[in-house]
Amino acid sequence: MLFVFILLLPSCLGYIGDFRCIQTVNYNGNNASAPSISTEAVDVSKGRGTYYVLDRVYLNATLLLTGYYPVDGSNYRNLALTGTNTLSLTWFKPPFLSEFNDGIFAKVQNLKTNTPTGATSYFPTIVIGSLFGNTSYTVVLEPYNNIIMASVCTYTICQLPYTPCKPNTNGNRVIGFWHTDVKPPICLLKRNFTFNVNAPWLYFHFYQQGGTFYAYYADKPSATTFLFSVYIGDILTQYFVLPFICTPTAGSTLAPLYWVTPLLKRQYLFNFNEKGVITSAVDCASSYISEIKCKTQSLLPSTGVYDLSGYTVQPVGVVYRRVPNLPDCKIEEWLTAKSVPSPLNWERRTFQNCNFNLSSLLRYVQAESLSCNNIDASKVYGMCFGSVSVDKFAIPRSRQIDLQIGNSGFLQTANYKIDTAATSCQLYYSLPKNNVTINNYNPSSWNRRYGFKVNDRCQIFANILLNGINSGTTCSTDLQLPNTEVATGVCVRYDLYGITGQGVFKEVKADYYNSWQALLYDVNGNLNGFRDLTTNKTYTIRSCYSGRVSAAYHKEAPEPALLYRNINCSYVFTNNISREENPLNYFDSYLGCVVNADNRTDEALPNCNLRMGAGLCVDYSKSRRARRSVSTGYRLTTFEPYMPMLVNDSVQSVGGLYEMQIPTNFTIGHHEEFIQIRAPKVTIDCAAFVCGDNAACRQQLVEYGSFCDNVNAILNEVNNLLDNMQLQVASALMQGVTISSRLPDGISGPIDDINFSPLLGCIGSTCAEDGNGPSAIRGRSAIEDLLFDKVKLSDVGFVEAYNNCTGGQEVRDLLCVQSFNGIKVLPPVLSESQISGYTAGATAAAMFPPWTAAAGVPFSLNVQYRINGLGVTMNVLSENQKMIASAFNNALGAIQEGFDATNSALGKIQSVVNANAEALNNLLNQLSNRFGAISASLQEILTRLDAVEAKAQIDRLINGRLTALNAYISKQLSDSTLIKFSAAQAIEKVNECVKSQTTRINFCGNGNHILSLVQNAPYGLCFIHFSYVPTSFKTANVSPGLCISGDRGLAPKAGYFVQDNGEWKFTGSNYYYPEPITDKNSVAMISCAVNYTKAPEVFLNNSIPNLPDFKEELDKWFKNQTSIAPDLSLDFEKLNVTFLDLTYEMNRIQDAIKKLNESYINLKEVGTYEMYVKWPWYVWLLIGLAGVAVCVLLFFICCCTGCGSCCFRKCGSCCDEYGGHQDSIVIHNISAHED
């Protein structure tokens, strides 16, 4: 019902009240001028307009508080109206009838000295409410003599109320001159407060928050104190200062003042003294200097450059668009039709591309109540929809409860179901029963039994479905305004067919709109453009500037100099970015618009306290401000702390020289990291876990209080913590992060399966193990493995020595004969070249005896030595086999003997164990007979024990299970804490590694961060980090600082000063790259002094406390204690305790172990040797033939070119000159010549 009255307010209030009271004055229709605006601005510096926070005291504190305060520097409006005996009808309408919104601050003049004798009211009455009728509450503060009568009641406010300073009812039954009530109204508060009647001004602070109304009061221009508060539950929407009717005393004038300014929710900086009194207040968003004060939380901020963040372009106009000349939907005609269906056969009608007035509709159908689902009812006014569908049917008054949202009554179960996910409003209204015909009754005549009529009216229900909010041309006209012109190039507030916001319009030519389309969106759902259906023009919409403003503030200046970064001044002042309408001076720089400073960038300063970046500096001089009235004292200059050519002149190191290794080369590293951010959620049925389905246990569990509730509460907290952390991680991932996946790389199979070891060679300590013998040990290359074949043979100690001797030269075969136990031996394996050589020698010896007999000697020796080598190897293997067989036989005998001894010992042990087991069984039987509480079954306990004992046993079981459950819950809490920390770490790594490139070493992977990717993983995130890791370093002499000319110091910025070829240069800490020292890589210091601080030495106390002896503690505990042992009367004589004697068996086992140890096989060393076999002779023959062919080819080329004949001629002349001409001598028979 409340929504209906609120929504009907704009159309039903012609004046403030609903009833015309008996008036003692006249009224007319003369127009009244608008409320005057004060020349005095709101000044909150001393606390005026603020209030003391309820129930809080602050001493000697400066802190930020958020509340409902006026805007510092704003103006007051005078809402006081005065007359003698005549009222104007225009006084009771806007703008005097004003919106209350968050609240108001009022500065009221006390007129006691100007009112006539006998006057009871010294200032006007104020009323604050919504409907000002007997169906809603109204707050009234009415003066009477020296008190303020405050009340919150359901008053019926008069249509033309006023405040007389000297009441005269003339005998009429008038309660006052502002309300009339036949019977006493319902009141939430009625109290009287005294005030200082001698104070010239009174100050009131009214605001509402969360349905509660607060009132504060002061009689001095300072912070107000608490007056009263009351919970109303309704939203107060309007207030009105009643006209003050009074005839002043002769010779004086009466001009009441009721200055009012609205309140907003704002942040203030307060300063409290030692008595808790507010001495200073600052509105943080009122000016640039105020934001600096709030940013530093100091009323006297220090000199520096501050980044201001609370500045957004203020709109300078309004663009309002609705489709013109749309017909009326006429929804009310269909709602008031004579034929109304029953719930079984409800009807629906859809309205589209038309206008409707919700206020008129509700008034027309005489609505009883209106409530909305998934939308605020007050927001429906003025909105547009794609379409509006209305379902209606008659309903008995007694069954209306079935249609409540979330109810599963009979009507929603069998007839009409309300969709709770849809945006809809539920309307109950009634029509005269004589004008309505109910049709389509249910066959069971259920509705006939309940009936639809109450007090001669038919009860009807309508469900209004609002489809496509702010996306169509079916609009409510309650708050509709006329269309305005589209202002381009400036920041404006817009309402385009129900879509509201602010932005900058720019006209463009676009052909991508269809005839039914008017709005353009981007991929994120933001409005990016629109087509004006009135003019058919198209526009793009860009957001208004919301950027960074740097304020250079000097503590001796009253205001700062400003730098609007990355925008020019024309945009700043065209779009009302600056709070200053007419700044003293401003200009454009390449950093942005500079305000309140002179342009002196052609000048350079060596020192600067206000650095703006990019080598620019703001300088302030108080004398310059006083001398030149057109200057604020600030100027923008160039900052040059030193000249580069002076760096190496008269330079001394500050703090000494140090050797440091700086990386010079890097390699890219890959690191994968998993971080858990979530875990499975757990819920426990505590009662079922502890008691199962046992009723007695569950009943006894109740006595344990809220333990089970606490368990579920803790688990819910754990689950909520997991949800919140997952939402935070998801939020971090959704803001500019794409979950990465491996891109196709054209390689079949995973990348990790590619083996790069053949390209990289042997790496690490496993080279010898993986190199297969001498190839790795002797450094055999991969080419040798490719060109030669390999063969393995047994080596008893001479093969490796032979190989070392030959060094790969096979002609040294017989020279490297080895001696083994006095016998000369050679390896039994021959290469192809060796076989060819020895075969050729043997063949020559056989073909030309006796002259070539000596050629067979190497072959014979080779064969004999190799047979010796083979025999020696076979002999060693045979001896080893004999040793193995003998040792194995000895081991089998020892093992058999050990098994015999073990079997004998186990037999004895078994007999003893069996005997003791029988004795223990007898003991348990006795215990079982004496005590019945053996089983843990609850049912058995209940059936076998009496009530007291059963309860004790159930308590024991419950305590045990609750202890286990408590331990589990504790573990869940600790695990959730770990997950919370790991999720926070994941968010940090998403922000610092994925979204940016961190400067932290080894935080995003190992080394300096390059790139990070994030992938989903079970219960967490998998980060893939790429970083570059140093591989080589440069040792350089570094200095923590330099001293120039003995009085000016320099410190490196993110690096070091190094000596490079006798000159000082700068290099980064991550990479050695000397570069000249400039202001970009260094920081200037005012002196060269170094302050040394020594950290205190702290040692942990490692002494052990002197604890008392356990015996002493037990003696203290047992002191004065008396214990009586129970008489169990057990038959202990039946327990036959047998002592084992296993000495002989253990000795036998020891002998067997000794024999096993003696069976160690000391085999003669037989190694495995790997040798390389070269290619066969025909391969080398082919290679030789190829070489001969190449030589012949070269000779042929020489002959063809003429080079060959020249060479032969020279050779021939040389021989002739040396020996002369001789006849050839031929010897025919060598043997005859010898004779």
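Including glycine, each Cβ sits where the backbone N, Cα and C put it.
Taken from Swiss-Prot, the feature region 'Receptor binding site' covers 1-330.
For C158 (disulfide bond), the Cβ neighbour count at a 10 Å cut-off comes to 25, with all displayed protein chains included. Here Swiss-Prot flags C21-C158 (among others) as disulfide bond.
Under the three-state DSSP scheme, N60 (N-linked glycosylation site) falls in the coil class. Sequence annotations record features per position, and here Swiss-Prot assigns N-linked glycosylation site to N60 (among others).
If you look up Swiss-Prot, you'll see C153-C187 (among others) marked as disulfide bond. There are 13 other Cβ atoms within 10 Å of the Cβ belonging to C187 (disulfide bond). Classification of C187 (disulfide bond) by DSSP places it within a strand.
Secondary structure from DSSP puts C165 (disulfide bond) in coil. Long-range neighbours of C165 (disulfide bond) (same chain, six or more residues apart, CB within less than 8 Å of its CB): L111, T115, P116, A119, T120, S121, Y122, F244, I245, C246. Here Swiss-Prot flags C165-C246 (among others) as disulfide bond, drawing on sequence analysis.
Around N192 (N-linked glycosylation site), the same-chain residues at least 6 positions away in sequence with a Cβ under 8 Å from its Cβ are I147, I148, M149, A150. Per Swiss-Prot, N-linked glycosylation site is recorded for N192 (among others), and the stated evidence type is sequence analysis.
Of all Cβ atoms in the protein chains displayed, 20 besides its own lie within 10 Å of the Cβ of C284 (disulfide bond). For C284-C294 (among others), the entry in Swiss-Prot reads disulfide bond, with the evidence type sequence analysis.
Look at Swiss-Prot and you will find C329-C354 (among others) tagged as disulfide bond, backed by sequence analysis. The Cβ of C329 (disulfide bond) lies under 8 Å from the Cβ of F351, C354, N355, F356, V388, T474, each of these being in the same chain and 6 or more residues away along the sequence. In the three-state DSSP scheme, C329 (disulfide bond) falls into the coil class.
DSSP gives C425 (disulfide bond) a strand state. Its Cβ taken as reference, C425 (disulfide bond) is surrounded by 21 other Cβ atoms within 10 Å in the chains shown. Positions annotated as disulfide bond by Swiss-Prot: C372-C425 (among others).
Under the heading disulfide bond, Swiss-Prot lists C384-C475 (among others). Under DSSP, C475 (disulfide bond) is assigned to a strand (E or B) in the three-state scheme. Non-local contacts of C475 (disulfide bond) by the CB criterion (under 8 A, 6+ apart in sequence, same chain) comprise R322, V323, L326, N355, F356, G382, M383, C384, F385, Y497, G498.
According to Swiss-Prot, the N-linked glycosylation site annotation covers N435 (among others). Classification of N435 (N-linked glycosylation site) by DSSP places it within a helix. The 10 Å shell around the Cβ of N435 (N-linked glycosylation site) contains 12 further Cβ atoms across the protein chains shown.
Under the heading N-linked glycosylation site, Swiss-Prot lists N536 (among others). Taken residue by residue with DSSP, N536 (N-linked glycosylation site) is part of neither helix nor strand, so it is coil.
N568 (N-linked glycosylation site) has a Cβ environment of 14 other Cβ atoms inside 10 Å. DSSP assigns N568 (N-linked glycosylation site) to coil in the three-state reduction, placing it in neither a helix nor a strand. Residues annotated as N-linked glycosylation site in Swiss-Prot: N568 (among others).
Per Swiss-Prot, the feature N-linked glycosylation site maps to N648 (among others); the stated evidence is sequence analysis.
According to Swiss-Prot, the feature N-linked glycosylation site maps to N665 (among others), an assignment based on sequence analysis. Sequence-distant neighbours of N665 (N-linked glycosylation site) (same chain, 6+ apart, CB under 8 A from its CB) are P1030, T1031, S1032.
As annotated by Swiss-Prot, region 'Fusion peptide 1' applies to 781-802, with the evidence given as sequence analysis.
N568 (N-linked glycosylation site) sits 32 Å from N536 (N-linked glycosylation site), taking the Cα positions as reference. Taking only the Cα positions, the spacing between N60 (N-linked glycosylation site) and C294 (disulfide bond) is 17 angstrom.
For the region 'Heptad repeat 2' (1125-1165), the predicted model reports an average pLDDT of 57. For the recorded site, N665 (N-linked glycosylation site), the DSSP three-state label reads strand. Proximity note: of the listed recorded positions (C158, C372, N804), N804 have a CA within 10 Å of the CA of C816 (disulfide bond), given in sequence order. Distance between Cα atoms for N435 (N-linked glycosylation site) and C284 (disulfide bond): 63 Å, as a whole number.
A separation of roughly 44 Å, to the nearest angstrom, links the Cα atoms of N536 (N-linked glycosylation site) and C284 (disulfide bond).
Here the candidates are the disulfide-bonded residues C284, C294, C372, C805. The one whose C-alpha lies nearest to that of C153 (disulfide bond) is C372. The disulfide-bonded residues under consideration are C153, C294, C372, C384, C805. Their Cβ neighbour counts within 10 Å are lowest for C805. Packing around N60 (N-linked glycosylation site) is summarised by its Cβ count: 10 other Cβ atoms lie within 10 angstroms of its Cβ, all protein chains included. For the recorded site, C384 (disulfide bond), the DSSP three-state label reads strand. With C425 (disulfide bond) as the anchor, the candidate recorded positions are C158, C284, N804, C805, and the one with the nearest CA is C158. Among the recorded positions listed (C284, C372, N804), C372 has its Cα nearest to the Cα of C187 (disulfide bond).
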